[in-house]
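*Asks:* Here's the feature list from TrEMBL:
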- 29-262: domain 'Xylose isomerase-like TIM barrel' (DOMAIN)
- Glu148: active site, proton donor/acceptor (ACT_SITE)
- Glu246: active site, proton donor/acceptor (ACT_SITE)
Amino acid sequence: MASIQRFKICANLDFMFQEHSSLVTRYSEAARLGFKGVETAVPYKVPEEELLATLKQTGLTQVLINTPVGDVSRGEVGFASLPGKENAFLEGVQKAISYATTLQCKLIHIMAGLVTEHPLELHEKTYVQNLRKAVPLLEKAGIVAVIEPINQHSVPNYFLSDYDKAVSVIESLKTENFGLLLDLFHLQQIKGNVTRNIEKYLPYTKHVQIAQVPERHEPNSFGELNYSYIFHHLNECKYSDWVGLEYRPAKSTSDGLNWADECGVNF
């Protein structure tokens, strides 16, 4: 990438560093490999203060955390759109805000949940009502929430799989404390035409994530997307926030990091 890199790169500690079972060790390994920031979808098994101490020790920035997803073994993937789970949703947002405040993390990804036996219209109504209830909590804490369309191949029946719906919801909330999580792995599978859709959705975007399609490996792995071009395009679009590496390393995490040199990207 010939021009100066505007955006910043952060490691995803849930997808990367699978060779280490300890989340705290993953923080240390990310720092050792040169990362300056990390995103952690599920930080809640480690006490807030222990994670804060780890951040101070490693010098890492906590870029993003997710709201609690619930019991994955029971098919729970968040609560925001689930009728009857409003209390679980608010408790999850409050817990995420507590962690984010302690870790000086400015972004929370609010998970929408799966469409259940309820009518879709009821899910939609519940989703918007829940997000509206979260707005004053986020504004008081000075934290931004992001919502992410997820493709139906990866997570069947996930409520939010439509970018235009996501933008419509964000606009309806009328706050600077909500934005879009633009994951190019999902964008390619939901919409395609990545160049034009990056341009279309970047004005609403607070965070970007990447992985190759369809296997979700490193950006330079065999697949549909040319990430050398995509990084250049993000730069040309003047995107200057974080890009999260939400990919599954094909082998070990360190073995796969040669993509950065190939794509002209610095951590």
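Backbone N, Cα and C define each Cβ position, glycine as well.
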*Asks:* Taking Glu148, Glu246 as the active-site residues to compare, which has the smallest set of other Cβ atoms within 10 Å?
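*Replies:* Checked Glu148, Glu246; of these active-site residues, fewest Cβ neighbours within 10 Å: Glu148.
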*Asks:* At the level of the C-alpha atoms, what whole-angstrom distance separates Glu246 (active site, proton donor/acceptor) and Glu148 (active site, proton donor/acceptor)?
*Replies:* 13
